[in-house]
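J.: Below are the features I grabbed from Swiss-Prot:
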REPEAT    1-27  repeat 'WD 1'
REPEAT    30-68  repeat 'WD 2'
REPEAT    73-112  repeat 'WD 3'
REPEAT    114-153  repeat 'WD 4'
REPEAT    157-196  repeat 'WD 5'
REPEAT    205-244  repeat 'WD 6'
REPEAT    248-287  repeat 'WD 7'
């Protein structure tokens with residue numbers, strides 16, 4: 001499998017797609033809840049699904065419909081999942097107000113970190129020693145895994161839920177987005193840790209709710225998804241100027257993923273469709289249809 005493209009959502013199914021043809025090649029039933037987020041390990045062996053109160057791992061290389069591991073312990077929807085570099089541990093966030101760090105090989109008692117509000121996303125710093133999370137009260141927290149505590153907190157906008165965070169692959173930048181349509185960007189001048197966040201810009205990306213913010217792997221583009229039925233791509237090198245508005249979904253756009261070369265974007269929407277866009281032409285290259293309810297998460301690995 002050179003290209004792995006997966007989507008999931010409210011119809012309790014996980015769907016694998018042939019990216020070029022648009023054919024659904026495999027469907028996994030996720031019967032007990034919707035799927036909120038998807039994450040593929042960088043070795044392309046495992047798919048993580050974040051559902052209601054649990055995270056499950058599926059073997060990508062077989063047709064086994066059953067999870068190879070299940071991680072129970074959250075008391076609410078799991079809102080994000082992220083793998084450490086060599087996939088030995090993973091971190092999850094939840095509406096129950098906690099972040100949990102799990103040993104992938106033994107789904108036993110995780111390490112816990114607590115927010116005072118539902119946690120919408122957690123990401124791992126490239127140094128693998130810090131976590132950065134955001135919550136519904138509008139707080140960003142930085143957690144030092146060595147010190148086992150929160151070392152920094154900032155609140156860009158009081159009482160405005162921060163829905164999504166994205167960390168640059170080289171540790172140089174952090175981006176966050178909220179329910180008012182605002183994006184915040186910070187530089188991390190020393191790249192090696194998150195101790196010094198230098199504000200770069202704040203801009204209005206959408207007139208309403210932003211559901212996802214994502215930095216491309218080459219740190220040249222920033223994508224935002226919104227309740228306004230669009231996804232937008234912004235140029236980092238050109239002072240976050242709007243590059244492209246992807247217009248075509250009929251309902252909320254919930255999630256997106258860049259291709260490895262940052263030339264394409266995949267989006268997932270409440271209109272049941274997943275779409276592959278050519279960012280240079282704004283055209284829909286492929287539409288993936290098969291979900292019976294909203295598609296709210298997507299994962300792509302084409303490295």
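Heads up, residue numbers simply count up from 1 along the chain you see.
Cβ atoms are placed via backbone N, Cα and C, with glycine included.
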J.: How about long-range neighbours of the repeat 'WD 7' (248-287): same chain, 6 or more residues beyond its ends, C-beta under 8 Å?
T.: 5, 7, 9, 17, 19-22, 37, 209, 211-212, 214, 216-218, 220-221, 223, 225-227, 229-231, 233, 293-300, 302-303
J.: Could you give the number of helix, strand and coil residues in the repeat 'WD 1' (1-27) as assigned by DSSP?
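T.: So the repeat 'WD 1' (1-27) is made up of 0 helix, 15 strand, 12 coil.
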J.: Short question: which residues 6 or more past the ends of the repeat 'WD 5' (157-196) have a Cβ under 8 Å from it?
T.: 120-127, 129-130, 132-140, 142, 151, 202-215, 217, 219, 222, 224, 226, 234, 236, 240
J.: Six or more residues out from either end of the repeat 'WD 4' (114-153), which same-chain residues have a Cβ under 8 Å from its Cβ atoms?
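T.: Residues packing against the repeat 'WD 4' (114-153) from afar: 76, 79-80, 82-85, 91-99, 101, 159-171, 174, 176, 178, 192-195, 197.
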J.: Quick check on the repeat 'WD 2' (30-68): DSSP residue counts for helix, strand, coil, in that order please.
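T.: Each residue of the repeat 'WD 2' (30-68) counted once, the result is 0 helix, 17 strand, 22 coil.
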J.: Please work out the helix, strand and coil residue numbers for the repeat 'WD 6' (205-244) from the DSSP assignment.
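T.: DSSP classes over the repeat 'WD 6' (205-244) add up to 0 helix, 22 strand, 18 coil.
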J.: Calculate the per-residue pLDDT averaged over the repeat 'WD 1' (1-27) and state the result as an integer.
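T.: So the average pLDDT across the repeat 'WD 1' (1-27) works out to 95.
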J.: DSSP says what for the repeat 'WD 5' (157-196): how many helix, strand, coil residues?
T.: 0 helix, 18 strand, 22 coil
